[in-house]
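The following features are taken from TrEMBL:
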- D375: active site, 4-aspartylphosphate intermediate (ACT_SITE)
- D375, T377, D773, D777: Mg(2+) binding site (BINDING)
- D375, K376, T377, E490, F532, K556, R585, T665, G666, D667, R747, K753, N776, D777: ATP binding site (BINDING)
- 30-90: domain 'P-type ATPase N-terminal' (DOMAIN)
- 800-1027: domain 'P-type ATPase C-terminal' (DOMAIN)
Amino acid sequence: MELLVAQWCCPWSRCCGMGDFRPRTVWLGHPEKREQRYPRNVINNQKYNFFTFLPAVLFHQFKYFYNLYFLLLACSQFINELRLGALYTYWVPLGLVLAITIIREAVEEIRCYLRDKEMNSQIYSKLSTRGKDRRHRRQHWLCFSVMLISEPRCLFLGITLVLSFPGSCFLRTDQLDGETDWKLRLPVACTQRLPTAADLLQIRSYVYAEEPNIDIHNFIGTFTREDGDPPVNESLSIENTLWASTVVASGTVVGVVIYTGKELRSVMNTSNPRHKVGLFDLEVNCLTKILFGALVVVSLVMVALQHFAGRWYLQIVRFLLLFSNIVPISLRVNLDMGKMVFSWMIKKDSKIPGTMVRASTIPEQLGRISYLLTDKTGTLTLNEMVFRRLHLGTVAYGMDSMDEVQSHVFSAYTQVITKNMHGSLQSSRAPAATKVRKTISSRVHEAVKAIALVHNVTPVYEANGVTDQAEAEQHYEDTCRVYQASSPDEVSLVQWTESVGLTLVGRDQSSMQLRTPTGQILNFTILQIFPFTYESKRMGIIVRDESTGEITFYMKGADVVMAAIVQYNDWLEEECGNMAREGLRVLVVSKKSLTEEQYQDFEARYVQAKLSVHDRSLKVATVIESLEMEMELLCLTGVEDQLQTDVRPTLEILRNAGIKVWMLTGDKLETATCTAKNAHLITRNQDIHIFRPVTTRGEAHLELNAFRRKHDCALVISGDSLEVCLKYYEYEFMELACQCPAVVCCRCTPTQKAQIVRLLQERTGKLTCAVGDGGNDVSMIQEADCGVGVEGKEGKQASLAADFSVTQFKHLGRLLMVHGRNSYKRSAALSQFVIHRSLCISTMQAVFSSVFYFASVPLYQGFLIIGYSTIYTMFPVFSLVLDKDVKSEVAMLYPELYKDLLKGRPLSFKTFLIWVLISIYQGSIIMYGALLLFESEFVHIVAISFTSLILTELLMVALTIQTWHWLMIVGELLSLACYVASLVFLHEFIDVYFITTVSFLWKVTVITLVSCLPLYILKYLRRRFSPPSYSKLTT
């Protein structure tokens, strides 16, 4: 299915009068009567448009210090007094850097545009006076349009439900609020009697809707039909709406569009995508500022040693230009090209197929994640419920013993038939053991019967190509039946009762039909239903068996509330705990038989309570609770929400890597807790602190103090309590939560998810990664330092808005442990080597200037300067992006290696200082060696020093590499070959005849050995006596 994406944009909305949200009156099918202009329903995930692309890209590039610095540097060469050489020596490198960046951004924008165009071009059915019209793309839909939905598709508009066949529909909202329950939606009552859907456009009617807001759980509006006598006016609530990012799961519906574009609930709960700048880029930017400071200091020292003679201020500028290589212009382009290579490696990894990189500027972020915030439904779980256990107290049935349950149910109904045929059972022939078996059989039968009755599931029959719908419904065809309910738990229970022989074959608002293993149809009249609520944590139903006239009250619910309702027993609490520890969602099932007089008395009190104007909810609850006493405990059921493949080992890997995992979900507390246990997000030996519901500052203070006294304890908190804590005790709550090994936040809104991510970033300063699959996760994904979208059957909304997209949660382990770790380490090595390369030649320039009376004369000119950073050393240096310290299998087997990166050691002030010292040593050795060994002409100094410099760089790359790749060898040989071949054309700078002499060769060899050999010796001694952690795993 196709889903709504993250951002809706209308750049001229203020000009069009759409800056403020206002209530609206929407006439069905009459655009001429609209009172205001509404935003276009266009999806736009692009960061730029045609006019802002170039200025915005240039702005983002020149906000980096080093790019701005080199722009000023290149511009200064237009001034004759400051010119040191040809203009191309400054403008060509800068132009190359900007061209690569602009091309990369343009490619990403074009891809984004094509994805948006595909989504905007989807065709949906629009109702017209002629009937259904399929020629309307989603981008052309406006308020007042009437939409017809006859198949399960994700909505992209805010709609008021006007007409529905067969009278109501179920709505899936997991992409909007994270809840897996299906919601019942009701149409406007006065339109249900219209002959056809097209007649909607013939009546005079309109919808009044409140102003757009972020509340996805409430709606206030009215539906007015003016052509009636008298006019009909119906109130509208959330039960009459279909929000964007929801899916109509059943039936055919007709609705009028009331919200579009940026006014949608899902869009208002989604923050606009921000331009993410990686922590690694900020650190490199900081280092370049330090290098610039060194550049200024060296320039001032040179002028000071000249005693500030003459026009010293011009000399300062000339020295700044002369030593400009201290700040390497090639650093940015090397890192950007490295990011592109890392992104390509991620996409081409066969072990994580389908993984996409949508933000190629931050792959290094994956190597330093400290907090992982994940959604539950569709991310950790498949949202598929499977019945796992039936517990009767004295006996339990698992998946391997369901055939026994089936035989007990079959036995119970065959005995009933035998009794009806013969009048009585021949019990005298049955031994005592048979009586025991009959008792167990009776208990199993009662439990299965109760589970088959206490629910809100409706069987729906669909045509299958062989049997039409009417015939299938009449004969209860099993192959055509589909169960619909507001909860997948309920469906799994009814499907299980079908598998053991008792099948739900029919249901309407007042009756229910079950089919026994013998084919007999049991009819039950539904007298009352008490639906499940988050507050009551239970649901009940009162039914009358049509064959016997018996009235029975069945109830099921969470163990925390049912323990006080059922009769005393000594096994409920223990077995509930055991099943919960296995990650099962436990329900307690009970029953109570009622006489006709008892039910009539209850009904009278119940109706009276429902008519009450004041405290209606309290009075109704009191009447129901009068029935909920001394109920007979029948059984416990255990249902498991199927986890995605390898979720448990993936979470274990992340935990061992030092990453703390928080689960943020819109689902219920009990469901979230069960999933956390089942996924081993909360380990078996960890205590759980369930944060009590708080509404005031005092309650929050007391609960925080109670939580503070616990140690190494997982936290489970609801969204409402979280909001109160963050309002009054934000710092204290975040401090305590960050100390927890795991945190589960349930009933979270999309805005709260993004808020938690933002607070973690602010309070800890650590990098965060958010993982989700639905529209309710987009805000969290975009707010995190690194957003990962899971692309699956729930759609593409999260994956389109994310920086990285995976097809399964288990791929996250390899994405972080292998690609994240390698990207960060490789970028660190590459950046430091580029800095080393520039500092070497700058040190040589400083030595040269100081020897020749501090003259601001360049040592190398023209092509030598450009060639040094490009064709002579570019391939070997850039080949460091292929280096790796350990194999990917070792990185996955020992996630502790990832933990070493969290401290930022690969790129730190310590490693930076080491490379600075190496650069100063090697640059000084090369320059002083060339000055000492040259004999007559200055051009020999250039030949000896430049050749030694090139060979030193090639040898240093070889020294740095930890695992050789064939492309590295090709890069080394190719660079050396390019330099040797170019010597023929460099006669202006280098004496071609001199470089063929033995004198040149031995001098270059000696200088290169002196500059590199000590470093090789130090590297050997270090690996010998203080080896890094990864080397112990590779030997």
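Here, residue 1 is simply the first one shown, and the rest follow in order.
Cβ from N, Cα, C; glycine included.
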Within 10 Å of D773 (Mg(2+) binding site) (Cα basis), scanning recorded positions D375, F532, R585, I find D375
For R585 (ATP binding site) and T377 (Mg(2+) binding site), what Cα-Cα distance in Å is obtained after rounding to a whole number? 15
Sorted by position, what residues of the same chain at least six away from D777 (Mg(2+) binding site) have a C-beta under 8 A from it? D375, T379, P750, K753, A770, V771, G789, A798
Average model confidence [pLDDT] within the domain 'P-type ATPase C-terminal' (800-1027): 87
Record lists D375, K376, T377, E490, F532, K556, R585, T665, G666, D667, R747, K753, N776, D777 as binding ATP; longest Cα-Cα distance in Å? 32
Among the binding-site residues T377, N776, point out the residue whose Cβ has the most other Cβ atoms within 10 Å, with all shown protein chains included in the count. N776
Cα nearest T377 (Mg(2+) binding site) among binding-site residues (F532, G666, R747, N776) -> G666
